[in-house]
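Below is one structure, written out as structure tokens, with a few remarks after it.
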């Protein structure tokens, strides 16, 4: 959500004033929603008192923002939101699932494009719905909002764990030969890789203490550029690596059916972005073109993923690493650029991913609490959460299994199952029988993939942990 937020600002009006207005609007929307839920008779408008005890909502009419995102900007926003950490694992997923598993990658892209479309339909049905949680409440009441919120925060948490594992895996290659030794931490953090990871996270930690959340919006642009740079570097390694790149022996089978459940989780994680699609919809000048935006964006992203998967799998064969950057020739200039981009990307994500939770946290703090106290609470909670993420990432350094588990356990629900359930509940009485059948079939397929993928990835993760302890 925060990533889209910052990227939109940079696409339209790249200045701090606009960023501040965006954050102000987000906080105002939360406050209005809070007051509306407490008292139906409350008229929360600019400068008018809130009759349900919430005080006065101070709204500067000059700060009111209108939807101004064009078709092109909306496509850029959606593509930028979708391209991320998942692209690193697509060559590994293709090599493990077999060449035919590319049809699963394409099929999941089509499914997610459709569920993006029906999210737009749900928003059109109720102009008051602005977020993914709003759609959940529109469909199933307070319980729908609670469940949607829980999965959104799970998605954010596990994604940050995956980013931290990626950081830990790539840092040793960025600093080859580095040796750090801190005697007082040797019994807990005995390796240079772990110490480098701790230092990198500590460098990113102050961003969680920023009082003005809009000041982190530039990190969104940096993260998107890094993701595109990684893709370009892998393609350059294939095109210009010459004798430096050892082409993998093409013994990847056509299909490995037993690995499809885990592979589906990796593929699904790559398409996870539905929690911010309502923000893209509400920012559009012409929301009726949202379906075209979804189709165009997913076509671009799916094409990119398929190309990267084939290039990586063809280059390195079945031995390709779970992150393609780890398989690239170390002396190649493109490899060094890709590794630096992979390391810097997680460091741009911590504050951005925490921003939605920070806004919710601030909303629930007492109104009498001062700005300094609010900053301390927000920064303290964010720091504790980041430390927990760091500890978990260092304890479970198995990127592919954590990513697959996240995709199966969380992303399938958020991207496929929930949107179909919301749509059937909200619009089920006004759609054709074939549409109902399609959505039910997608829900069933999603549940099957979620259960099978969760069991498979969790089993592999536990086995890897046990082997790690045995060693």
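Note: Cβ is positioned from N, Cα and C throughout, glycine not excepted.
Just so you know, TrEMBL annotations are computer predictions that nobody has curated.
Quantities reported herein were computed from a predicted structural model and do not represent experimental measurements.
The annotation domain 'Amino acid transporter transmembrane' is assigned in TrEMBL to 68-456.
Summarising the annotation, TrEMBL assigns transmembrane segment to 100-124 (among others). Beyond the ends of the transmembrane segment (100-124), by six or more residues, the same chain brings 78, 90, 93-94, 130, 132, 135, 138-139, 254-256, 260, 263-264, 267-268, 270-271, 274, 277-278, 281-282, 287, 290-291, 294-295, 297-299, 301-302, 305-306, 309-310, 415-416, 419-420, 422-423, 426-427, 439, 442, 445 to within a C-beta distance below 8 angstroms of the stretch.
Residues or ranges marked as transmembrane segment by TrEMBL: 145-165 (among others).
Feature annotation from TrEMBL assigns transmembrane segment to 185-205 (among others).
Residues or ranges marked as transmembrane segment by TrEMBL: 217-240 (among others).
The annotation transmembrane segment is assigned in TrEMBL to 260-281 (among others). Here the transmembrane segment (260-281) has Cβ contacts under 8 Å with residues 1, 3-5, 8, 69, 74, 77-78, 81-82, 84-87, 89-90, 92-93, 96-97, 101, 104-105, 108-109, 112, 115-116, 119-120, 123, 129-132, 134-135, 152, 155, 159, 162, 287, 290, 293-294, 298, 301, 305, 400-401, 403-412, 414-416, 419, 449, 452-457, 460 of the same chain, all six or more residues outside its ends.
Sequence annotations record features per position, and here TrEMBL assigns transmembrane segment to 293-317 (among others).
The annotation transmembrane segment is assigned in TrEMBL to 337-359 (among others).
Sequence-distant contacts of the transmembrane segment (380-399), counting only residues of its own chain at least 6 positions beyond either end whose CB sits under 8 Å from a CB of the stretch, comprise 89, 157, 160-162, 164-169, 189, 194, 197-198, 201, 204-205, 208-209, 322-323, 350-351, 354, 357-358, 361, 460-461, 464-465. Feature annotation from TrEMBL assigns transmembrane segment to 380-399 (among others).
Taken from TrEMBL, the feature transmembrane segment covers 405-424 (among others).
Annotation source TrEMBL lists transmembrane segment at 436-455 (among others). Outside the transmembrane segment (436-455) by six or more residues, the chain places 111, 114-115, 118, 261-262, 264-265, 268, 404-405, 407-409, 412-413, 416-417, 420-421, 423-424, 428 with a CB less than 8 A from a CB of the stretch.
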Chain residues in Cβ proximity to the transmembrane segment (293-317) (below 8 Å; excluding those fewer than six residues from its ends, i.e. six or more beyond): 71, 74-75, 78-79, 82-83, 86-87, 90-95, 99, 102, 105-106, 109-110, 112-113, 116-117, 120, 231, 234-235, 237-238, 245-252, 270-271, 277, 280, 284, 324, 327
